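Take a look at the structure set out below.
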Amino acid sequence: MKQKKILTVQDMVLIGMFTAILSILSQISFQLPGGIPITLQTFAVALLAIVLGAKLGTYSVLIYLLIGAVGFPVFANFKGGLSALAGPTGGYLIGFIFMAFITGLGKGKKFPLRILFSLSGLLVCHLLGLAVYGLITKTLLPTAPFFFIKDAVTIFFSLILGYQISKPIDSMLIKQTKQISL
């Protein structure tokens, strides 16, 4: 009989830490010329998926969405509640689940594959986001290509930072696992 792997305390701590990081980075926003809003949400989702992998990264995003759904203002611009999830940008929020999972599949792979998984996750997130936006507003988002390019650039930075963060976290977890098994 195959035994299910349970979450360790270290896993839960990492999930909580990266959920908090996502909540904080979602609030950092600024306007580009022309009034285009930019947040660090996508960067944070990619970063947590790169560091935590598909399973833990997806759990982190699910917890973030649950916290926001019950009303805590963790979404961009301090929004929260089911209305944020059901609004025009709710598709992007739901898309973060798929983005975290797909991006996280690249953990431990060679750099070109990590780029491919990360961009694939981003593409799925954007397609879902655009579909929901179009259904709710009955319009197309004319700036969508710009946002995808902007997010692709942030993915590159999250890959670099994520790799640097992953090394000490992974070695710490391996060391602690060895100590527990002794």
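Just so you know, glycine gets a Cβ as well, placed from its N, Cα and C.
Same-chain neighbours of the transmembrane segment (12-30): 37-41, 43-45, 47-48, 51-52, 56-57, 59-61, 63-64, 67, 74-78, 169, counting only residues six or more beyond its ends whose CB sits under 8 Å from a CB of the stretch. Per TrEMBL, the feature transmembrane segment maps to 12-30 (among others).
Below 8 angstroms of C-beta separation, residues 14-15, 18-19, 21-22, 25-30, 60-61, 76-77, 92, 96, 99-108, 114, 118, 121-122, 125, 143, 146, 150-151, 154-155, 157-159, 161-163, 165-166, 169 of the same chain, each at least six residues beyond the ends of the transmembrane segment (36-54), sit close to that stretch. According to TrEMBL, the transmembrane segment annotation covers 36-54 (among others).
Under the heading transmembrane segment, TrEMBL lists 61-78 (among others).
TrEMBL lists 84-103 (among others) with the feature transmembrane segment. Tertiary neighbourhood of the transmembrane segment (84-103): same-chain residues 41-42, 45-46, 48-50, 54, 57-58, 60-62, 64-65, 68-69, 75-76, 117-118, 120-122, 124-133, 136-137, selected by CB-CB distance under 8 Å and a gap of 6+ residues from either end.
Residues annotated as transmembrane segment in TrEMBL: 115-136 (among others).
According to TrEMBL, the transmembrane segment annotation covers 148-166 (among others). Sequence-distant contacts of the transmembrane segment (148-166) (same chain, at least 6 residues past either end, Cβ-Cβ under 8 Å): 38, 40, 42-44, 46-47, 50-51, 107, 111, 114-115, 118-119, 122-123, 126.
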